[in-house]
Amino acid sequence: MAETKKKAKTSSTFQKADLTNGPPTAWTAELNNGLRMPVLGYGTYKLKEDQVGGCVRKAVDVGYKLIDTAHVYGGGKTEPAVGKALSKDKSTFVITKQWRGFHGYAETKKCLDQSLKRLGRSKVDLLLMHWPGPGYSAMGRSKERIAKEGIQCYYKKGHEDIAALRLESWRAMEDAYLAGKCKAIGVSNFSESHLRKLLDWDQLRVRPSVHQTELHPYLQQKGVVALCEKEGILLQAYASLGGQDTKDGHWKALKQPALLDHPAVLKAAKAHSSTSACVLLRWALQKGWAVIPKSSSKSRIASNIAVDFSLSSDEMAALDALDLGGMKGRLCWRRDELRDLEFE
(Lines of atoms letter the chains of each structure in order from A and count residues from 1; the text may use other names and numbers.)
(Lines give C-alpha, C1' and ligand atoms only; values in the text may rest on other atoms or scores of the structure.)
Protein backbone atom coordinates (compact mmCIF):
# COMPACT_ATOMS: atom_id res chain seq x y z
CA MET A 1 0.00 0.00 0.00
CA ALA A 2 1.27 3.45 -0.86
CA GLU A 3 2.15 5.60 2.11
CA THR A 4 2.15 9.35 2.48
CA LYS A 5 2.69 11.42 5.60
CA LYS A 6 0.99 14.53 4.31
CA LYS A 7 -1.98 15.61 6.42
CA ALA A 8 -4.86 17.58 5.00
CA LYS A 9 -6.49 20.51 6.73
CA THR A 10 -9.86 19.38 8.00
CA SER A 11 -11.69 20.33 11.18
CA SER A 12 -14.43 18.94 13.38
CA THR A 13 -16.87 21.68 12.41
CA PHE A 14 -18.93 22.60 9.38
CA GLN A 15 -21.31 25.45 8.62
CA LYS A 16 -24.94 24.64 7.89
CA ALA A 17 -26.67 26.29 4.96
CA ASP A 18 -28.49 29.58 5.39
CA LEU A 19 -31.99 28.75 4.14
CA THR A 20 -32.86 32.43 3.78
CA ASN A 21 -30.02 33.38 1.44
CA GLY A 22 -31.18 33.30 -2.18
CA PRO A 23 -33.12 30.62 -4.05
CA PRO A 24 -33.01 27.02 -2.72
CA THR A 25 -30.65 25.83 -5.44
CA ALA A 26 -28.13 28.45 -4.27
CA TRP A 27 -28.10 27.27 -0.65
CA THR A 28 -24.74 25.83 0.33
CA ALA A 29 -23.11 24.37 3.42
CA GLU A 30 -19.43 24.83 4.17
CA LEU A 31 -17.81 21.43 4.71
CA ASN A 32 -15.17 20.77 7.36
CA ASN A 33 -12.40 21.33 4.80
CA GLY A 34 -13.76 24.70 3.66
CA LEU A 35 -15.43 23.46 0.45
CA ARG A 36 -18.93 24.79 -0.16
CA MET A 37 -21.50 22.21 -1.24
CA PRO A 38 -25.06 22.79 -2.49
CA VAL A 39 -27.58 21.26 -0.09
CA LEU A 40 -30.31 20.73 -2.69
CA GLY A 41 -29.10 18.42 -5.43
CA TYR A 42 -30.44 15.98 -7.99
CA GLY A 43 -30.05 12.22 -7.58
CA THR A 44 -29.67 9.76 -10.45
CA TYR A 45 -30.31 6.40 -8.75
CA LYS A 46 -32.60 4.09 -10.74
CA LEU A 47 -32.78 6.36 -13.79
CA LYS A 48 -32.85 4.38 -17.03
CA GLU A 49 -29.90 4.86 -19.34
CA ASP A 50 -31.98 6.75 -21.89
CA GLN A 51 -33.38 9.04 -19.16
CA VAL A 52 -30.16 10.19 -17.52
CA GLY A 53 -28.99 12.78 -20.03
CA GLY A 54 -32.31 14.54 -20.42
CA CYS A 55 -33.07 14.52 -16.70
CA VAL A 56 -29.64 15.83 -15.72
CA ARG A 57 -29.84 18.60 -18.32
CA LYS A 58 -33.33 19.50 -17.10
CA ALA A 59 -32.09 19.60 -13.50
CA VAL A 60 -29.25 21.94 -14.42
CA ASP A 61 -31.55 24.09 -16.56
CA VAL A 62 -33.97 24.69 -13.67
CA GLY A 63 -31.14 25.53 -11.28
CA TYR A 64 -29.76 22.43 -9.58
CA LYS A 65 -26.06 22.87 -8.92
CA LEU A 66 -25.27 19.37 -7.61
CA ILE A 67 -25.63 15.99 -9.31
CA ASP A 68 -25.27 12.77 -7.31
CA THR A 69 -24.26 9.53 -9.02
CA ALA A 70 -22.25 6.37 -8.32
CA HIS A 71 -19.96 3.86 -10.01
CA VAL A 72 -22.61 1.13 -9.73
CA TYR A 73 -25.67 3.09 -10.89
CA GLY A 74 -27.27 1.76 -14.02
CA GLY A 75 -24.86 -1.14 -14.13
CA GLY A 76 -22.07 1.34 -14.84
CA LYS A 77 -24.00 3.23 -17.52
CA THR A 78 -25.19 6.20 -15.47
CA GLU A 79 -21.81 7.88 -14.97
CA PRO A 80 -21.02 8.12 -18.71
CA ALA A 81 -24.46 9.62 -19.34
CA VAL A 82 -23.97 12.13 -16.53
CA GLY A 83 -20.56 13.00 -17.91
CA LYS A 84 -21.95 13.55 -21.39
CA ALA A 85 -24.80 15.72 -20.06
CA LEU A 86 -22.30 17.86 -18.12
CA SER A 87 -19.54 17.84 -20.75
CA LYS A 88 -19.76 21.61 -21.24
CA ASP A 89 -20.53 22.34 -17.60
CA LYS A 90 -17.65 22.05 -15.16
CA SER A 91 -19.26 24.22 -12.48
CA THR A 92 -21.87 21.71 -11.32
CA PHE A 93 -20.90 19.93 -8.11
CA VAL A 94 -20.53 16.20 -8.89
CA ILE A 95 -20.65 13.38 -6.36
CA THR A 96 -19.75 9.80 -7.14
CA LYS A 97 -19.21 6.72 -4.99
CA GLN A 98 -16.72 3.87 -4.78
CA TRP A 99 -18.66 0.61 -5.02
CA ARG A 100 -18.36 -2.16 -2.44
CA GLY A 101 -16.96 -4.58 -5.02
CA PHE A 102 -13.81 -2.41 -5.08
CA HIS A 103 -12.79 -2.41 -1.42
CA GLY A 104 -9.07 -2.37 -0.63
CA TYR A 105 -6.39 0.18 -1.50
CA ALA A 106 -5.63 -0.73 -5.12
CA GLU A 107 -9.24 -1.57 -5.97
CA THR A 108 -10.52 1.73 -4.59
CA LYS A 109 -8.03 3.67 -6.72
CA LYS A 110 -9.08 1.60 -9.73
CA CYS A 111 -12.75 2.34 -9.07
CA LEU A 112 -12.18 6.10 -8.89
CA ASP A 113 -10.10 6.10 -12.07
CA GLN A 114 -12.92 4.28 -13.86
CA SER A 115 -15.45 6.81 -12.56
CA LEU A 116 -13.34 9.77 -13.66
CA LYS A 117 -12.94 8.29 -17.13
CA ARG A 118 -16.67 7.66 -17.43
CA LEU A 119 -17.50 11.17 -16.22
CA GLY A 120 -14.92 12.77 -18.50
CA ARG A 121 -13.36 14.66 -15.60
CA SER A 122 -9.95 14.90 -14.00
CA LYS A 123 -11.53 15.26 -10.57
CA VAL A 124 -14.87 15.06 -8.78
CA ASP A 125 -16.11 17.38 -6.07
CA LEU A 126 -16.99 14.64 -3.59
CA LEU A 127 -16.04 10.96 -3.46
CA LEU A 128 -18.00 8.73 -1.09
CA MET A 129 -17.43 5.19 0.13
CA HIS A 130 -20.77 3.72 -0.95
CA TRP A 131 -21.01 0.84 1.51
CA PRO A 132 -18.89 0.02 4.59
CA GLY A 133 -18.30 -3.63 3.71
CA PRO A 134 -17.04 -5.54 0.68
CA GLY A 135 -19.05 -7.27 -2.03
CA TYR A 136 -21.18 -10.14 -0.85
CA SER A 137 -21.47 -13.64 -2.22
CA ALA A 138 -24.50 -14.15 0.03
CA MET A 139 -27.07 -12.24 -2.00
CA GLY A 140 -28.88 -15.36 -3.21
CA ARG A 141 -28.36 -17.49 -0.12
CA SER A 142 -30.89 -18.40 2.54
CA LYS A 143 -30.37 -17.31 6.14
CA GLU A 144 -29.94 -20.97 7.05
CA ARG A 145 -27.11 -21.39 4.55
CA ILE A 146 -25.46 -18.20 5.76
CA ALA A 147 -25.63 -19.41 9.36
CA LYS A 148 -24.19 -22.79 8.38
CA GLU A 149 -21.33 -21.43 6.27
CA GLY A 150 -20.47 -18.56 8.59
CA ILE A 151 -19.56 -14.93 8.01
CA GLN A 152 -16.83 -15.83 5.52
CA CYS A 153 -19.42 -16.07 2.76
CA TYR A 154 -19.82 -12.29 2.97
CA TYR A 155 -16.28 -11.65 1.84
CA LYS A 156 -15.68 -11.23 -1.83
CA LYS A 157 -12.00 -12.06 -1.67
CA GLY A 158 -11.64 -13.87 1.65
CA HIS A 159 -10.50 -10.82 3.61
CA GLU A 160 -10.71 -11.71 7.30
CA ASP A 161 -11.17 -8.25 8.76
CA ILE A 162 -13.78 -6.01 7.18
CA ALA A 163 -12.76 -3.05 9.36
CA ALA A 164 -9.15 -3.28 8.17
CA LEU A 165 -10.27 -3.59 4.56
CA ARG A 166 -12.46 -0.52 4.97
CA LEU A 167 -9.49 1.47 6.29
CA GLU A 168 -7.40 0.40 3.29
CA SER A 169 -10.13 1.82 1.08
CA TRP A 170 -10.21 5.03 3.10
CA ARG A 171 -6.44 5.36 2.79
CA ALA A 172 -6.82 5.23 -1.00
CA MET A 173 -9.53 7.89 -0.82
CA GLU A 174 -7.29 10.08 1.34
CA ASP A 175 -4.50 9.76 -1.21
CA ALA A 176 -6.91 10.62 -4.02
CA TYR A 177 -7.96 13.72 -2.09
CA LEU A 178 -4.38 14.75 -1.39
CA ALA A 179 -3.54 14.19 -5.07
CA GLY A 180 -6.38 16.49 -6.16
CA LYS A 181 -8.62 13.84 -7.71
CA CYS A 182 -11.50 14.86 -5.44
CA LYS A 183 -12.20 18.02 -3.47
CA ALA A 184 -13.68 16.20 -0.48
CA ILE A 185 -14.24 12.64 0.69
CA GLY A 186 -16.95 11.04 2.76
CA VAL A 187 -18.91 7.92 3.54
CA SER A 188 -22.33 6.42 2.93
CA ASN A 189 -24.52 3.93 4.81
CA PHE A 190 -22.23 3.88 7.85
CA SER A 191 -23.45 2.92 11.32
CA GLU A 192 -22.29 4.67 14.49
CA SER A 193 -19.78 1.86 14.97
CA HIS A 194 -18.37 2.24 11.46
CA LEU A 195 -18.03 6.00 11.91
CA ARG A 196 -16.35 5.72 15.31
CA LYS A 197 -13.84 3.16 14.04
CA LEU A 198 -12.87 5.50 11.22
CA LEU A 199 -12.74 8.65 13.34
CA ASP A 200 -10.74 6.90 16.08
CA TRP A 201 -8.21 5.42 13.65
CA ASP A 202 -4.76 6.53 14.77
CA GLN A 203 -3.59 6.83 11.15
CA LEU A 204 -6.49 9.00 9.98
CA ARG A 205 -5.25 11.92 7.89
CA VAL A 206 -8.45 13.25 6.31
CA ARG A 207 -11.74 13.31 8.19
CA PRO A 208 -14.93 12.47 6.29
CA SER A 209 -16.73 15.63 5.23
CA VAL A 210 -20.10 14.11 4.34
CA HIS A 211 -22.17 11.10 5.34
CA GLN A 212 -24.84 10.21 2.80
CA THR A 213 -27.41 7.92 4.37
CA GLU A 214 -31.10 7.07 4.43
CA LEU A 215 -32.97 9.71 6.44
CA HIS A 216 -36.67 10.56 6.48
CA PRO A 217 -39.40 10.88 9.14
CA TYR A 218 -39.73 7.09 9.54
CA LEU A 219 -35.95 6.60 9.87
CA GLN A 220 -34.18 9.41 11.71
CA GLN A 221 -31.05 7.54 12.90
CA LYS A 222 -30.66 9.81 15.91
CA GLY A 223 -27.40 8.26 17.10
CA VAL A 224 -25.73 8.63 13.71
CA VAL A 225 -27.08 12.16 13.34
CA ALA A 226 -25.79 13.22 16.76
CA LEU A 227 -22.36 11.75 16.08
CA CYS A 228 -22.06 13.45 12.69
CA GLU A 229 -23.09 16.81 14.12
CA LYS A 230 -20.60 16.44 16.97
CA GLU A 231 -17.78 15.49 14.58
CA GLY A 232 -18.50 18.15 11.95
CA ILE A 233 -19.76 15.79 9.24
CA LEU A 234 -22.55 17.07 7.01
CA LEU A 235 -25.44 14.64 6.61
CA GLN A 236 -26.84 14.18 3.13
CA ALA A 237 -30.18 12.39 3.15
CA TYR A 238 -31.30 9.95 0.48
CA ALA A 239 -34.75 8.34 0.16
CA SER A 240 -36.22 11.57 1.55
CA LEU A 241 -39.46 10.90 -0.30
CA GLY A 242 -39.75 7.20 0.47
CA GLY A 243 -37.08 5.43 -1.52
CA GLN A 244 -36.89 4.15 -5.08
CA ASP A 245 -36.86 0.51 -3.94
CA THR A 246 -39.96 0.78 -1.76
CA LYS A 247 -42.97 -1.28 -2.80
CA ASP A 248 -46.49 -1.47 -1.36
CA GLY A 249 -45.50 -4.52 0.65
CA HIS A 250 -42.85 -2.53 2.50
CA TRP A 251 -45.38 0.05 3.67
CA LYS A 252 -47.72 -2.73 4.80
CA ALA A 253 -44.89 -4.41 6.70
CA LEU A 254 -44.21 -1.13 8.48
CA LYS A 255 -47.94 -0.66 9.11
CA GLN A 256 -47.57 2.88 7.83
CA PRO A 257 -48.85 4.82 4.83
CA ALA A 258 -46.39 5.84 2.15
CA LEU A 259 -44.45 8.89 3.35
CA LEU A 260 -45.95 11.09 0.65
CA ASP A 261 -49.45 10.09 1.82
CA HIS A 262 -49.00 10.45 5.57
CA PRO A 263 -51.66 12.76 7.09
CA ALA A 264 -49.02 14.91 8.84
CA VAL A 265 -47.23 15.46 5.53
CA LEU A 266 -50.44 16.15 3.63
CA LYS A 267 -51.58 18.62 6.31
CA ALA A 268 -48.35 20.61 6.06
CA ALA A 269 -48.46 20.53 2.26
CA LYS A 270 -51.97 21.96 2.28
CA ALA A 271 -51.03 24.66 4.79
CA HIS A 272 -48.19 25.85 2.58
CA SER A 273 -49.93 25.32 -0.79
CA SER A 274 -47.07 22.96 -1.57
CA THR A 275 -46.51 19.28 -2.31
CA SER A 276 -45.81 16.35 -0.02
CA ALA A 277 -42.39 15.99 -1.66
CA CYS A 278 -41.46 19.59 -0.90
CA VAL A 279 -42.62 19.24 2.71
CA LEU A 280 -40.39 16.20 3.22
CA LEU A 281 -37.44 17.93 1.59
CA ARG A 282 -37.98 21.10 3.61
CA TRP A 283 -38.17 19.06 6.84
CA ALA A 284 -34.75 17.57 6.08
CA LEU A 285 -33.27 20.92 5.08
CA GLN A 286 -34.51 22.53 8.30
CA LYS A 287 -32.75 19.71 10.15
CA GLY A 288 -29.54 20.99 8.61
CA TRP A 289 -29.17 18.11 6.16
CA ALA A 290 -28.54 18.12 2.43
CA VAL A 291 -30.98 16.34 0.09
CA ILE A 292 -30.76 14.73 -3.35
CA PRO A 293 -34.31 14.04 -4.61
CA LYS A 294 -34.59 11.98 -7.76
CA SER A 295 -37.41 12.03 -10.28
CA SER A 296 -37.67 11.01 -13.91
CA SER A 297 -40.54 13.47 -14.35
CA LYS A 298 -39.28 16.76 -15.69
CA SER A 299 -42.18 18.62 -14.06
CA ARG A 300 -41.34 17.14 -10.65
CA ILE A 301 -37.63 17.82 -11.16
CA ALA A 302 -38.65 21.47 -11.38
CA SER A 303 -41.27 21.43 -8.61
CA ASN A 304 -38.99 19.73 -6.08
CA ILE A 305 -36.88 22.88 -5.73
CA ALA A 306 -39.85 24.94 -4.49
CA VAL A 307 -38.82 24.59 -0.85
CA ASP A 308 -38.44 28.27 0.02
CA PHE A 309 -41.02 28.18 2.83
CA SER A 310 -40.63 27.41 6.52
CA LEU A 311 -42.29 24.62 8.46
CA SER A 312 -43.52 25.72 11.87
CA SER A 313 -42.19 24.17 15.06
CA ASP A 314 -45.46 22.26 15.40
CA GLU A 315 -45.18 20.95 11.83
CA MET A 316 -41.58 19.89 12.40
CA ALA A 317 -42.57 18.18 15.66
CA ALA A 318 -45.39 16.30 13.92
CA LEU A 319 -42.93 14.90 11.37
CA ASP A 320 -40.30 14.22 14.05
CA ALA A 321 -42.88 12.10 15.87
CA LEU A 322 -43.10 9.66 12.94
CA ASP A 323 -39.73 8.03 13.71
CA LEU A 324 -40.22 4.27 14.07
CA GLY A 325 -37.10 3.90 16.21
CA GLY A 326 -33.79 2.22 15.53
CA MET A 327 -33.58 0.96 11.96
CA LYS A 328 -37.22 -0.21 11.81
CA GLY A 329 -38.14 2.48 9.30
CA ARG A 330 -35.48 1.51 6.77
CA LEU A 331 -36.88 1.50 3.24
CA CYS A 332 -33.71 0.87 1.23
CA TRP A 333 -31.17 -1.99 1.22
CA ARG A 334 -34.01 -4.22 2.42
CA ARG A 335 -32.72 -7.61 1.30
CA ASP A 336 -32.43 -9.71 4.44
CA GLU A 337 -28.76 -10.54 3.91
CA LEU A 338 -27.89 -6.83 3.89
CA ARG A 339 -30.41 -5.43 6.33
CA ASP A 340 -29.69 -7.95 9.08
CA LEU A 341 -25.92 -7.95 8.72
CA GLU A 342 -24.22 -6.33 11.70
CA PHE A 343 -20.58 -6.40 10.67
CA GLU A 344 -17.93 -4.27 12.27
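Note that Cβ sites are derived from N, Cα and C of the backbone, with glycine treated the same way.
Annotated active site, proton donor per TrEMBL: TYR73, in sequence order. Among the features that TrEMBL reports, substrate binding site is placed at HIS130. Residues or ranges marked as domain 'NADP-dependent oxidoreductase' by TrEMBL: 40-323. Look at TrEMBL and you will find 1-21 tagged as region 'Disordered'. Marked as site 'Lowers pKa of active site Tyr' by TrEMBL: LYS97.
For the pair formed by TYR73 (active site, proton donor) and HIS130 (substrate binding site), distance between Cα atoms is given as 11 Å, rounded to the nearest Å. Under DSSP, the residue listed as 'substrate binding site' is assigned to coil, being neither helix nor strand in the three-state scheme. Under the three-state DSSP scheme, LYS97 (site 'Lowers pKa of active site Tyr') falls in the strand class. Other C-beta atoms found within 10 angstroms of the C-beta of LYS97 (site 'Lowers pKa of active site Tyr') number 26, with every protein chain shown included.
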